[in-house]
Amino acid sequence: MISFLLLIFLIQLAIYIVNTIGSSTIDDLLWILYLRLPMPISKDTRKHGELKHDVVQLKREMNATSSQDEFAKWAKLRRRHDKAMEEYEAMNRSMGSRKTSFQFSIKIARWLTLNGPRLFIQFYYTKTPVFDLPAGWFPYPVEWILSFPRAPLGSVSIQVWSSACATAISLAGDVVIAVVQRRQASNRQAQAVPAGKSEAATK
């Protein structure tokens, strides 16, 4: 069975990844993947795209047709455009409502998957020590803080371990992001220097 140490660390890591990427970005990606599944909504998505194409095409034809010289043709295009636009707006509202419901379900599932287990473990195993501290290594105030709120004195509580994991993951993530950004900046500078030298040589 997976240990509390690793389980809590993995939960905090998953929460950090989701928060770093952004819940809205993940929701949009899952919505796109959902639309590609072989389900009735995929047919509605294709029809939605076709209606949008028809509306744009009819609008172009209307603009290319003179309402004075070719009124009959222009009026026919206008009726077709208005009808297609009405169908498109109705389907657009329907798709928007479906997307809102889908994203709401995803938010609930994400909370139950990440925060739900974390809160359950912290509440249900609040008296269970994650690991014991070496005897006599830390003074009483430090042992009391590390065992807060209800773990045995001389041990590390789940709450403290969870906070430590979250802090360590956040700091490590910041370091990785800073290193990547610095390397990207160095690469851009390295690519810009030869271009500047070549321009100077040309002059």
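For all residues, glycine too, the Cβ spot is worked out from N, Cα and C.
Swiss-Prot lists coiled coil for one of the ranges 72-97, 176-201, namely 72-97. The record in Swiss-Prot shows differing topological domain names for Ser3 and Lys47, meaning opposite sides of the membrane. Residue ranges 111-131, 132-152 are listed, and Swiss-Prot annotates 111-131 among them as transmembrane segment. For the topological domain 'Lumenal' (132-155), DSSP puts the residue distribution at 7 helix, 2 strand, 15 coil.
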